[in-house]
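The active site, N6-AMP-lysine intermediate annotation in Swiss-Prot covers LYS126 and rests on sequence analysis. Residues or ranges marked as NAD(+) binding site by Swiss-Prot on the basis of sequence analysis: ASP40, ALA41, ASP42, TYR43, ASP44, SER90, LEU91, GLU124, ARG147, GLU183, LYS304, LYS328. Marked as Zn(2+) binding site by Swiss-Prot: CYS420, CYS423, CYS438, CYS444. Here Swiss-Prot flags 634-714 as domain 'BRCT'.
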Amino acid sequence: MKDVGSLTEAEAANELMRLAKQIAHHNKLYHAEDSPEISDADYDALVRRNTAIEEAFPHLIRADSPNRLVGAAVEASPLAKVTHAQRMMSLDNAFAAEDVEEFAARVRRFLNLDEGEPLAFTAEDKIDGLSCSLRYEKGVLVQAATRGDGTVGEDVTPNVRTIADIPQNLKGDIPDIFEIRGEVYMAKADFAALNARLLAEADDPDKARQFANPRNAAAGSLRQKDASVTASRPLRFLAHGWGEVSALPADTQYAVMKAIESWGVPVSPLLKRCDGVADLLDHYRMIEAERAELPYDIDGVVYKVDRLDWQARLGFVARAPRWAIAHKFPAERAQTTLEAIDIQVGRTGKLTPVGRLTPVTVGGVVVSNVTLHNRDEIARLGVRPGDRIIVQRAGDVIPQVVENLTRDEPREPYVFPDHCPVCGSEAVAEDGEVDVRCTGGLICNAQKFERLRHFVSRGALDIEGLGEKSIAEFLELGWLEKGPADIFRLKSHREELLAREGWKERSVDNLLAAIEAKRQPDAARLLFGLGIRHVGAVTARDLLKGIGDIARLPGKAAELRAWVEANPRIEGESEGKYAARRLEAIKAILDVRADGIGPAVAEALGDFFHEPHNRVLWDDLLSEVSPPPYVVETRDSEVSGKTVVFTGKLETMSRDEAKAQAEALGAKAAGSVSAKTDLVVAGPGAGSKLKQAASLGIRVIDEAEWAAIVAAAG
């Protein structure tokens, strides 16, 4: 990796683009999916590299810079969205005593304080949990929300009401409005007991749900659609701050936290008021020494300026307050032997290498497995079975390999598989991506359940009565072995189904009727239901607007693949010119003009239909269903040819219905606001998109005005 000072402007721009994409990917995994794949230390290193490049090239700072963003968007969450009255911020990090000293010096410079003037802070342990905001009105809990992207989170009010640590009513003299913010977490002992219980309750111990660590367990338990699941999990809460308030009970951070504690909400027992940096560092060392004995996982100590009037003067940078910083703990390390490398296949087909280790204790925890992330990471480390390695456990979460001590020893290099170990399908990596994915899709047992669940979901075929439990049952019985086409053959198992526990004649017949009603499905929904990478609901509609008949899709996919093979980049042709030439060919072959269809979609289609298993699956499916040709009837309207964005809660129609209306009026329904947007339709709770539209001078209307436009088009 080049030193930042030696980067050219073009290299800096390219690296910032790569880092923005990479950090956003890891933010989504950590905050939205509760399945991080790199350690805190590796994540922090990416952010530090991004910050260093931005400081050297400030004119190259991107709109999607990680330093401007908090958490991850909750677009895909099944939970209702909540717009925070006051943004939930992140924290900047310190990794050494010098960083803490510089933080204090920055505060002094900003406030114009003399060196001898007292500067007090609070210090408390940084719990590794899920951030949550509790809104109390007149002392009564009325809403709870996750952080999400800092602006919009998920509504988890029913779930939070089941957590014993969180009072439904505060006691004492409470301001009319007071949002308490803190961490939902799971204690180490409770985490171990939960995994043991899930194992004991499982019919098949090999298939028992097991959480990787307490943070994942806490996040997965809180973000449930069914609050009774949350109630069965041992969740706890510690407050560390506040959001919107109508009044404050004191004028210092420490005093307000003590007031919150007096109202009945737990705060950290390690919270302390510190006079100066030396006192902060003493408290940090004390907490670090006791870390292994604490009942919960922590990954550092948070320092905050104590005086609230000084906090107000210091204010915020893009994603974090100037008056607070998180002092992270160094990673803990140990030596061991890499015994084997296994490949796990995830629900999206991603092949993840997992290192099997001679068990070793790292930071008080026995580690026997470690993620190796991807084939590039294996190549970078040069690891092979038999190597002696150093394992690091950073942030009390994910163990990782940081060094191969025997890479120079002569031994055959590890060869990453080019076929799926589960189903034998080709495993490929798309251009510009490090992840290798199985192309088997629905014929791959590792992916089959999730793909079938997606196929029958509301956005796809929307088969009522065919939920997760039924799909799992039918898969176990072998009734869905060939993929989605077998759904339409379930009627042949009617008598067997009636004989099974939990199935009555009415429920069986209702399910079979719902399936039969989808024999002529909307072609775009059918295509979306296949779960082809990069082919979402909007892309599926855009594709079918061009090709019309879905039966033509495999042929078009073959044309796309053939064009790439027959048209390599010409010597002397710039990458940009080749990309433009390829994009033009893609749009000509598919007869589309939509912005969202380009090389990624073309490559995904080509890979999917090139796989023989998928062609068999496709032909089998079309033998059971007959989607009519896809025809988009458009009407003349004032939005014809324009780009429309819907944001906020729509009260008279679903988001899908609104997008369909826009397309019927000849408009394009986009998911994000940009300079190309012509109109924004905003419902209650509209947040960042509405602000962006205002800053760009884009026309904004409400749902009633949109209904008038639709009505006027006839």
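Quick reminder: no glycine exception, Cβ is built from N, Cα and C everywhere.
Sequence features annotated in Swiss-Prot and their locations in the structure.
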residue : record                                  : Cβ within 10 Å
ASP42   : NAD(+) binding site                     : 20
ASP44   : NAD(+) binding site                     : 17
LEU91   : NAD(+) binding site                     : 19
LYS126  : active site, N6-AMP-lysine intermediate : 23
ARG147  : NAD(+) binding site                     : 24
LYS304  : NAD(+) binding site                     : 22
CYS420  : Zn(2+) binding site                     : 25
CYS423  : Zn(2+) binding site                     : 22
CYS438  : Zn(2+) binding site                     : 28
CYS444  : Zn(2+) binding site                     : 20
Q) Of the recorded positions ASP42, LEU91, LYS126, ARG147, LYS304, which one sits closest to CYS423 (Zn(2+) binding site) when you measure Cα to Cα? A) ASP42
Q) If you run through the domain 'BRCT' (634-714) with DSSP, how many residues end up as helix, strand and coil? A) 29 helix, 15 strand, 37 coil
Q. Which of these recorded positions is closest to CYS444 (Zn(2+) binding site) if you go by CA atoms: ASP42, LYS126, LYS304?
A. ASP42
Q.
Measuring Cα to Cα, how far is ASP42 (NAD(+) binding site) from CYS438 (Zn(2+) binding site) in Å?
A. 26
Q: Write down the Cα-Cα distance for CYS438 (Zn(2+) binding site) and ARG147 (NAD(+) binding site), rounded and given in Å.
A: 33
Q: Please tell me which one of the binding-site residues listed here (ASP44, LYS304, CYS420) sits closest to LYS126 (active site, N6-AMP-lysine intermediate), measuring Cα to Cα?
A: LYS304
Q) Do you know offhand how many angstrom separate LYS304 (NAD(+) binding site) and CYS438 (Zn(2+) binding site) by C-alpha? A) 47
**Q.** C-alpha spacing of LEU91 (NAD(+) binding site) relative to CYS420 (Zn(2+) binding site), in angstrom
**A.** 40
Q: Could you name the residues, excluding CYS420, CYS423, CYS438, CYS444, of the same chain that surround the Zn(2+) site, i.e. Cβ within 8 Å of the Cβ centre of those residues, in sequence order?
A: VAL345, GLY349, HIS419, PRO421, VAL422, GLY424, SER425, ALA427, THR439, GLY440, GLY441, ILE443, ASN445, ALA446, GLN447
